Every structure is written in structure tokens, then in C-alpha cells.
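J.: Sharing the features that TrEMBL gives for it:
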| type | residues | note |
| --- | --- | --- |
| DOMAIN | 102-410 | domain 'Phosphofructokinase' |
| SITE | G200 | site 'Important for substrate specificity' |
| BINDING | T227, V228, D229, M272, G273, R274, E328, Y386, M387, I388, R389 | substrate binding site |
| ACT_SITE | D229 | active site, proton acceptor |
Amino acid sequence: MAISSPESTDLANTVSTPAGSVELQRLPHLTDYLSNIETRPNPLQSNPYYHPSHGFYISDSDVVFRRITFDLAQTPNSGSKQPAYHRAGPRKEVVFDPTGVRAAIVTCGGLCPGMNTVIRELVIGLWELYGVRRIFGVGAGYRGFYSRDPVELNPKLVHNLHKKGGTILETSRGGFDLGKIVDAIERHGFNQLYIIGGDGTMRGAVKIFDEIRRRKLNIGVAGIPKTVDNDIGIIDRSFGFQTAVEMAQQAIAAGHVEAESGVNGIGLVKLMGRSTGHIALHATLSSRDVDCCLIPETPFFLEGKGGLLEFLENRIKENGHAVVVVAEGAGQELIPRTEAQKEERDESGNPVFLDVGSWLKSEFRSWWSRSHPNELFTVKYIDPTYMIRAVPANAVDNMYCTLVAHSAIHGVMAGYTGFVSGPVNGIYAYIPLVEVAETKNEVNVKDHKWAWVRSVTNQPDFIRV
């Protein structure tokens, strides 16, 4: 039977909290622009390995609040509305006939632990849960849609992918040509797209979704946010982040051993984080060996009272060594660069960062030779960036990848489109792509988590006095 958009449920102003009413964020659906969509029973109902029980299927009235903490002492703003999202999961009815599905999976941007696991779980979920038999991988990122032939995927081919780092599909940055991409999607007959990538990839996915909607094509689009930096907004965290923090511990431990084993030693460890310092922050909290954590969200300076060099001198006097963790985007404004370097961009259009680790190492050596010309000193610089990105996902991230991939499948099969699947306050939800693409998850240096870092390291706030 033909259906209308499930967004007809009027939930936006029916729930009140101490902070105001709750507004359900509108989730795009194929019926928004196609009138001939029909529903059919979810194939899970007849799956011999599934026995859906009462409450198994998620209804359109089941939502996840974006914010779950409130100050009961505060008077709510009468005009404020707290956002809520549709809960992810299987629906009782779907709009796609599995025999007519041609699904495409693409990975874009840099590597991240868990990419292969997501590919595996998308293939297994489509094949085993819904009976889809035509699943394709698009190689080399966005440009692969129009420059390569897709590769057919099946459960046997992807069986052991969760044990391997990287992506079996290969990946790249850039290559985004909207017209060519959507033309290729039409030419190949794809009607489900699963796009795995970071914030730039999600912005591209928004454009693809908008163009598909403009052409009124019966194609579901789902984004699966991937960034080892954990800088994608709204969701609790992105896959691969836990693995990255775990691997960062090994680098910090090595830096600590090197620093402790030298005379007046500094162990300098650079971790990923172009615009956010989540890996550096969590690795510092987990390590207990770190004396100073430098992240992009809070500035620092070297020379003078209250500066980094003064702090390190005091710490070396106290302990004989020091360990410094720096995110790759920290201190970029301090590094001298030529006019050409200021204008340089990578394939994705991002400014090219200089190596803050190498710069700090040089600055530390120059400082010590000036201040202590006749004393021994050593700086050991460790950059584990590509080692961390290329490893397989750990157990926690592998479980995350399974849930986020299956959530995306359930959503697309039900006719939702232009969304991202991910955990919000521990519950998997569907979030409009445009919201995720426009939101950045930066470290809030005014909250308790950054205060915990300060309490662990006893580092100053690097404010000039």
C-alpha cells in the first residue's frame, strides 16, 4: 500500500523538560518527494534465524534526546526546545524489495580503525538479515563512482575483514564531482548508498542526497561517520576512536621510558587531532605518565613566565624528566611559515599543517642549549600517527561498527534517507546528514573533562601574566 512520510507524528511539542519542550528533528524519507512508494512486511519477520519478539521493532514515536542533563534549579526558557532524534533500529515495514536492491558502499578520506569492519557488517547485514544479493564496493573514494567499475561483494569475500586494518575498497581524498557521481549512481542502478567518511565526506553526502532528491530518484542515502579524531558532532563518538586512544597509550609509554632513561629527558609524543584534541585528552587521562597535554582548543606559548618552557624546566628539576603530548593541530599559529605554506591546501581543501612535533623538538633543544649550555639533555620525538590509523579495530570499536552499520541498513530499508546513524547518549539514533555535516565536536575546555586533565598533569593554563 502507498504510504505518507512517517514524520506526520506530532511529537515536537508534547514533551516538557526543565530546559523547555522537546523538538523531534525531521528525518528525510523517500515519501517526501516520491508518491508511489509502497510498504511491505520486514523480511526479518520470515527470517529463519530471527524470531522478532514483542517490542523488537522500533516505532516512529520512539526517540532519543540529544541532551539528558538539566539543572532543576534553573527556570526553563519558555521558547527553548531541546532536539530529539528518531531511534535507530528495524521497522515493522520496509519500502525496499530485497530482490530489487543494488547497494553501493564507498569509503572516503584517511584511514581509521574499523573501516573494514563497517564494510563487512554492511555486507553481512544486507545479505543475511534482508536477503540482498547485489552489493557493490566503490573503490578510491568519491572519484571511484565515475572512474572505476564497482566490485561485487559477498559474505565470503568480507568474512575476515574485521581482523584487518585499512579498507579493502581503497580510499582517497577529493575527487568530488557531483554531476559525475550522481550520473554514475543512476547508470549503475544503485538504489542504496552507504557512505563512510569524515566531516568533509558527510558534506559531500549532503550534496549527493540533495541532488538525488532534486532528480526525484528512489535512492536511499546513509552516512556512517568516520574520523579517528572524534571531531564529528552530535554523536557520542566515532568508530576507531577507542582503538586510537588505546594505541596512543603505547606511544606515550615509549615516550615515558625514553624520557625517564635519559639525563634531563623529554619524551615528546604527537597524536592525531587537526582541529580537536580528543585523542590527546583521553590518552592523557588514561596514561598518568603525561606531564603536559597540548590541544588545538587551548593556546599555549613557549617563552616567559607561565610559558611551556618554564613549566618543563620546573618539572625536569622535580622529576628529572617530562612527557609532553601534543595534538597535531596545536600551536600551528606559533610555527613560522612562508607565504606559500600559508596558502597550501590538501586534496580535501584543508590547510596543510606543519609538523608541530618537529618544531617543538627543535625549540626544546635551542632553549636548553641557551639556558643550560653545559648540561646533558635529550628529546625523543615519537609520531605514531600512521601506525594508529592503520591498525584493526579493537573489541569495543568492532562492536560499535556492527551496530552502526546495521542501524544504517534498517533505516535505509525503512525508506529513511539523508541521515547518519550513530549513538546519542548511548542510544543509536538517526540524525539528518546536514546536521552532522555542519556540527563540530570540539573539546570544551570549560567542562569537567578538561579540568580532569589539568588535575592529572598539574599543568598551567598558559595564560600570559
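From the backbone N, Cα and C atoms, a Cβ is placed for every residue, glycine too.
Automatic, uncurated: that is what TrEMBL annotation is.
Quick one: where do these features end up spatially?
T.: Note on G200 (site 'Important for substrate specificity'): other Cβ atoms within 10 Å of its Cβ, all shown chains, come to 20.
Sequence-distant neighbours of R389 (substrate binding site): residues of the same chain at least 6 apart with a C-beta under 8 Å from its C-beta are G110, L111, C112, P113, G165, V228, A244, M272.
Within its own chain, D229 (substrate binding site) has G198, F241, M272, G273, R274, S275, T276, H278, I279 as residues 6 or more apart in sequence whose C-beta sits under 8 angstroms from its own.
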J.: Of all the binding-site residues given, T227, E328, which has the fewest Cβ neighbours within 10 Å once its own Cβ is left out?
T.: E328
J.: Counting every protein chain present, what is the number of Cβ atoms, excluding its own, within 10 Å of the Cβ of G273 (substrate binding site)?
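T.: Neighbour count, Cβ to Cβ under the 10 Å cut-off: 26.
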J.: Counting across all protein chains shown, how many other Cβ atoms sit within 10 Å of the Cβ of M387 (substrate binding site)?
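T.: 13, counting other Cβ atoms within 10 Å of M387 (substrate binding site).
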J.: What is the separation, in Å, between the Cα atoms of T227 (substrate binding site) and G200 (site 'Important for substrate specificity')?
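T.: If we compare the Cα positions of T227 (substrate binding site) and G200 (site 'Important for substrate specificity'), the gap is 10 Å.
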